[in-house]
Amino acid sequence: PDNEISSDCNHLLWNYKLNLTTDPKFESVAREVCKSTIAEIKECADEPVGKGFLVSCLVDHRGNITEYQCHQYITKMTAIIFSDYRLICGFMDDCKADINLLKCGSIRPGEKDAHSQGEVVACLEKGLVKEAEETDPGLQVSDQCKKAILRVAELSSDDFHLDRHLYFACRDDRERFCENTQAGEGRVYKCLFNHKFEESMSEKCRDALTTRQKLIAQDYKVSYSLAKSCKSDLKKYRCNVENLPRSREARLSYLLMCLESAVHRGRQVSSECQGEMLDYRRMLMEDFSLSPEIILSCRGEIEHHCSGLHRKGRTLHCLMKVVRGEKGNVGLNCQQALQTLIQETDPGADYRIDRALNEACESVIQTACKHIRSGDPMILSCLMEHLYTEKMVEDCEHRLLELQYFISRDWKLDTVLYRKCQGDASRLCHTHGWNETSELMPPGAVFSCLYRHAYRTEEQGRRLSRECRAEVQRILHQRAMDVKLDPALQDKCMIDLGKWCSEKTETGQELECLQDHLDDLVSDCRDIVGNLTELESEDIQIEALLMRACEPIIQTFCHEVADNQIDSGDLMECLIQNKHQKEMNEKCAIGVTHFQLVQMKDFRFSYKFKMACKEDVLKLCPNIKKKVDVVICLSTTVRNDTLQDAKEHRVSLKCRKQLRVEELEMTEDIRLEPELYEACKSDIKNYCQNVPYGNAQMIECLKEIKKQLSTRCHQKVFKLQETEMMDPELDYTLMRVCKQMIK
């Protein structure tokens, strides 16, 4: 044991080790044993004789030594050198002042054992990583010492015995978790990293491992396996360009972003390198403390909302929850740091990178998504498809929405969307490369641009490829269930959501509430909600919850139009026509009626009506916006032309046909005729309170008690009956009850 060696003997041993590495006599041994190796490694061949630099050079290049005897000799010399930081060539010169500044030399006064020497390097490493985590660090490590620290960490990256502090801190843990893992090529480090958050892992080992991981985050070469596996790919895709500042291009985040960009562009990255990238992306997602930007930007939020949740990615998900607005407020810098980390780790490409999500959603994946290969990006899409269904579990729902919040703000983070739409996005939306971001482009702007193009008709110049259009529709259908997944909507409607919809917390209620208050919204919010409602009228499948509620009706009565690739408003029209079938359930009927009521606010919200009549509206009813007013304007024109036996109808034939559908639909529910409804509100309350609105029952009730109605209501009901007498097809009850007889 070390403590039985006398201090004199210890000192003598240290001088002997120093001579081994620097004495010209010992250097000549190295020159003899490694003769052919020195000839192969130019840097070592150029070292001056007798200066003691040769052994250090061979240690630096030991990964390239193929000569057996030389490799054995240099391995022994490496162990000797790393037993004491003062034996590492140049280290003492580079870091002497820093050792004194950080008080690293006085950890164990009077002791010269190997363990205490490892503590000196560990103290410097801690100083280096701490500096990166502070806005204004009091003590700064000098640049030459920083290089020396990272170089020592890199040289010890293949064999964990060489990191003396970590070796002693993790001896027992190595036996417990990695007993069968052979030392060398960084395997023991990797094994210990995988077990870092195990309950039985000792705290001192966990701390030492975290420091090592933080050094890898600053310089990827501190990970032997990553540097070795990705060496050729880094060179191939110019990820280590010489003209970039070393501190930037050596960072793990820069390496990951550069190689991920190559993968997303369809370039070939070796499977070994991709495997290493996956491990380190998972590592960054699992432990927030490995990202200095998160510590710097989110310190207050972590202390206030997320303390004590350090392990297994829980802190990051807690911060995501805060950003989503479910748990207080979050600063812009913190939000930006989180968004950057999500891009670096890219969990949209493989859900397993996000350990918190993976664990929370395991049961859902096993039941609902078992047909998809593990690690496939479509797993996230499958989970979104099952959001708010009986197969979803609450914990998974929360973790999924927390991650999707960030994916929805950067279109590149949805791997399948990026793959299928990058050409279209570059051409139509002026996007940058995968690892380039534009400060000028607001969150979600590219996806908004894509979906605007996706719903253009051929005449309007639709230019989106078929596969991109299908992908955009898939995502739009999934995200429409939560307003927080539409960045523009959440941003522009935040005040209105608080003002009108604070109590509407159920799924899908927020958008319905905004549609109900459309006329009360601020103009920016009204425009966005209007555009989204207009999209829904063309593709009602965006209303995923309504689609689920109406599944039985769709299967029985509307399956033909539901199977169409392009909806064009047919499905909603079919649902309206079958609203009173006995198979209709309450949820579906309420959803369909709500959509009909929303359509009354603007004729653009009825896609088929808009497409059939937009030229007629521009010509005959300019400046009229509300659908009911447009219908009255056009039907009055049709009636006048008919009564006056006009040679040519001013309203086109296709518009007249659609107008007939709209007029008949409006007579089914009194609320679809706002003037009649407003005039008769008090009468409804007095005489027809328990009568359903739909199926024309409320209108029939008012007709039956016409003599008791208030003057204003009486006039409107009489006007309605007069219209129905002139055009019996507009009498909804007559057409329904006498359907077979008319036939």
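If you go along the chain as it appears here, the first residue is 1 and each next one adds 1.
Using the three backbone atoms N, Cα and C, a Cβ is placed for every residue, glycine included.
According to TrEMBL, the feature repeat 'Cys-rich GLG1' maps to 4-66 (among others).
Each residue in the repeat 'Cys-rich GLG1' (140-200) gets a DSSP state, and the totals come to 37 helix, 0 strand, 24 coil. Residues or ranges marked as repeat 'Cys-rich GLG1' by TrEMBL: 140-200 (among others).
For 268-327 (among others), the entry in TrEMBL reads repeat 'Cys-rich GLG1'. If you take every residue in the repeat 'Cys-rich GLG1' (268-327) and average the pLDDT, you get 88.
Within the repeat 'Cys-rich GLG1' (329-391), the DSSP-based counts of helix, strand and coil residues read 39 helix, 0 strand, 24 coil. Sequence annotations record features per position, and here TrEMBL assigns repeat 'Cys-rich GLG1' to 329-391 (among others).
Annotation source TrEMBL lists repeat 'Cys-rich GLG1' at 463-522 (among others). Helix, strand and coil residue tallies for the repeat 'Cys-rich GLG1' (463-522), in that order: 41 helix, 0 strand, 19 coil [DSSP].
Per TrEMBL, repeat 'Cys-rich GLG1' is recorded for 583-642 (among others).
Marked as repeat 'Cys-rich GLG1' by TrEMBL: 650-710 (among others).
Across the repeat 'Cys-rich GLG1' (583-642), DSSP classifies residues as 47 helix, 0 strand, 13 coil. Helix, strand and coil counts under DSSP for the repeat 'Cys-rich GLG1' (268-327) come to 43 helix, 0 strand, 17 coil. Mapped onto DSSP classes, the repeat 'Cys-rich GLG1' (650-710) shows 42 helix, 0 strand, 19 coil.
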